[in-house]
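Below: the structure, in structure tokens.
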Amino acid sequence: MEGGSFGAGRAGAALDPVSFARRPQTLLRAASWVFSIAVFGPIVNEGYVNADSGPELRCVFNGNAGACRFGVALGLGAFLACAGFLLLDVRFQQISSVRDRRRAVLLDLGFSGLWSFLWFVGFCFLTNQWQRTAPGPGTAQAGDAARAVITFSFFSILSWVALTVKALQRFRLGTDMSLFATEQLGAGAGQTYPGYPVGSGVEGTETYQSPPFTETLDTSPKGYQVPAY
């Protein structure tokens, strides 16, 4: 049960950096990591503009501070999660327990599915708030940043959905391999082995041989005659 499972090689095997960097899952995580920066970065730098009625700052998305906070939290969470799961992918092949590998894949699957849904909600929410934003000097100044946030939110949906699909494939692959190993172990435990056939070099209990170095006793030795009276 310590062999390759859940899409990884045998536990303890050396990691090839080139093949790891070319894996679709690694590329998707790197893309999601970049997209997350492209979402929360513009909001932090240019997402707050001066209000028309005063010097206070307001969110560029229709003045809704919740939209800016949601975008920053969503992008920052994705940034940290991508870094954490990328480190987990590097250490995944060193995990010898199949149960621990299963938990790691389930964590990846659950988080990727949740963040895919949150990115979809965030994209719809930010798009709706941007459409309701009234034109003005501050809006025109931060318009490019707002559109970039919406665009990369949409790209994040695609990348996280792809990560969810990859995690689901790894989970199914690991489950199939675990069931196969269990069936093989069960068949081996219940298998009976035939006994030794007669004449194969090992005699059965029914075969009897006289002990070695014994002489046959003759009740009538040669040369002796019973005298007649």
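Residue numbering: from 1, along the chain as shown.
The backbone N, Cα and C atoms fix where each Cβ goes, glycine too.
TrEMBL has this to say about the protein:
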DOMAIN    20-172  domain 'MARVEL'
TRANSMEM  27-44  transmembrane segment
TRANSMEM  64-88  transmembrane segment
TRANSMEM  109-128  transmembrane segment
TRANSMEM  148-168  transmembrane segment
REGION    209-229  region 'Disordered'
COMPBIAS  209-219  compositional bias 'Polar residues'
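The stretch in closest packing with the transmembrane segment (64-88), judged by the count of Cβ pairs under 8 Å and taken from 27-44, 109-128, 148-168, is 27-44. Mean predicted confidence for the domain 'MARVEL' (20-172): the pLDDT average there is 92.
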